[in-house]
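Here the structure comes first, spelled out in structure tokens, and everything after it is commentary.
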Amino acid sequence: MLALFNKLLDWFKALFWKEEMELTLVGLQYSGKTTFVNVIASGQFNEDMIPTVGFNMRKITKGNVTIKLWDIGGQPRFRSMWERYCRGVSAIVYMVDAADQDKIEASKNELHNLLDKAQLQGIPVLVLGNKRDIPGALDEKELIERMNLSAIQDREICCYSISCKEKDNIDITLQWLIQHSKSRRS
């Protein structure tokens with residue numbers, strides 16, 4: 001009975017209260033950041049993506065939550081911009097190409113360098129290991145170990161293994177993001 005009441009209350013709140021959140025999506029080039037944005041916005045996977053030059057901003061509405069998503073280029077010349085776009089956001093989404101093991105060390109270093117910035121302290125981080133559909137891609141446990149995520153103690157950190165191409169775990173990723181739009185307001 002209580003569950004039914006809570007669902008009814010959530011439905012009622014959704015009619016009158018809209019939630020907004022701001023996210024920044026960063027990670028090395030070719031990890032699938034822009035593809036991820038397109039998949040959550042339209043449900044469509046496009047094989048022919050052009051690397052982001054600088055940044056893109058997109059607003060996506062899911063239920064009563066509007067997500068303002070900053071997609072920042074991952075090439076070395078754009079990485080100095082990451083901190084600026086991560087300040088004050090609801091969460092940082094860090095994309096990793098889980099199938100490109102040669103870049104895992106560089107990806108780990110960039111993530112830890114970013115999170116060492118004082119102005120980003122306490123902002124939750126969602127690490128997404130993309131391209132799990134490719135044989136040999138790291139799973140969540142391997143990503144946590146290779147990215148040294150257990151060393152990050154000053155904030156909430158979560159890691160999912162996803163495939164934008166197959167839309168694997170996109171639903172739980174969205175649930176995590178929406179949950180964090182609610183937790184930032186309270």
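For all residues, glycine too, the Cβ spot is worked out from N, Cα and C.
Because the structure is a prediction, the values reported are computed rather than measured.
Record features (Swiss-Prot):
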INTRAMEM  1-19  intramembrane segment
BINDING   29-35, 71-75, 130-133  GTP binding site
Three-state secondary structure, Thr35 (GTP binding site) (per DSSP): helix
For the binding-site residues Gln29, Ser31, Thr35, Asn130, the one whose C-beta sees the most other C-beta atoms within 10 angstroms: Asn130
Cβ neighbour count within 10 Å of Arg132 (GTP binding site): 23
Least Cβ-crowded entry, counting other Cβ within 10 Å, from the binding-site residues listed as Lys33, Ile72, Gly74: Ile72
